[in-house]
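**Q** A single structure is presented below for examination.
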Amino acid sequence: MAMPMPTAPPMENTTLVGHPPPPSYDEISGANPYYPAGPYPPADMKASGPPPYPTQEYNQMYPPTAQGQPVTSPVVAVQTVYVQPGLVFGNVPVQAHCPVCSQSVITRLEYSSGPLVWLSCAGLAVFGCIYGCCLIPFCIEDLKDVTHHCPNCSSVLGVHKRF
């Protein structure tokens, strides 16, 4: 004899214990108690009585201005700020706009010893290059920091730090 599987759906004729059976379609498709089933009044018939909301008068008058007083507006000083989008200062000269002399220039480079040069010197000294070889990083421009200057007024436009 085959046993019914526990995951099979229940049979149609069974009812749950303690629960009444659901209503039939005829019972629920009857008249809705919240809406009247009678005919609606004609649309051209006007409702009698007050409007549903109190009306409020709207006055578009502006407050009176004092005569004889001139209208003054504050003076605003405008300063133009030139932003150079995507300008990256590297180890080669770039075309930039100098905010001091207001010229479009190609930058002048100046190299200075930064942290990478000193760390390279210390690293070479640790490995035994004490007799002058540890000073080689001070001669290599690719290890130094780069400062970009304006060739006209010598103002600093940007700095490229190696480390």
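Numbering starts at 1 and runs along the chain as displayed.
Just so you know, glycine gets a Cβ as well, placed from its N, Cα and C.
Quick paste from Swiss-Prot:
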type: REGION; residues: 1-23; note: region 'Disordered'
type: MOTIF; residues: 22-25; note: motif 'PPxY motif'
type: DOMAIN; residues: 78-162; note: domain 'LITAF'
type: BINDING; residues: CYS98, CYS101, CYS150, CYS153; note: Zn(2+) binding site
type: REGION; residues: 116-136; note: region 'Membrane-binding amphipathic helix'
**Q** Inside 8 A of the center formed by the CB atoms of CYS98, CYS101, CYS150, CYS153, which other residues of the chain have their CB, for the recorded Zn(2+) site?
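**A** Those within range, site residues removed, are PRO99, VAL100, SER102, GLN103, VAL105, PRO151, ASN152, SER154, SER155, LEU157.
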**Q** Where DSSP helix means H, G or I and strand means E or B, what are the helix, strand and coil counts for the motif 'PPxY motif' (22-25)?
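**A** The motif 'PPxY motif' (22-25) comes out at 1 helix, 0 strand, 3 coil.
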**Q** Run through the region 'Membrane-binding amphipathic helix' (116-136) and tell me, per DSSP, how many residues are helix, strand and coil.
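**A** Per-class counts: 15 helix, 0 strand, 6 coil.
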**Q** Counting across all protein chains shown, how many other Cβ atoms sit within 10 Å of the Cβ of CYS98 (Zn(2+) binding site)?
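**A** Taking every protein chain into account, the count is 19.
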**Q** Can you give me the same-chain residues 6 or more apart in sequence from CYS101 (Zn(2+) binding site) with a CB-CB distance under 8 Å?
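**A** Spatial neighbours, sequence-distant, of CYS101 (Zn(2+) binding site): CYS150, ASN152, CYS153, SER155.
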**Q** Let's check the environment of CYS150 (Zn(2+) binding site): how many other CB atoms sit within 10 Å of its CB?
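**A** Counting Cβ neighbours of CYS150 (Zn(2+) binding site) within 10 Å gives 20.
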**Q** What is the number of other Cβ atoms found within 10 Å of the Cβ of CYS153 (Zn(2+) binding site)?
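**A** Summing over all protein chains shown, CYS153 (Zn(2+) binding site) has 12 other Cβ atoms within 10 Å.
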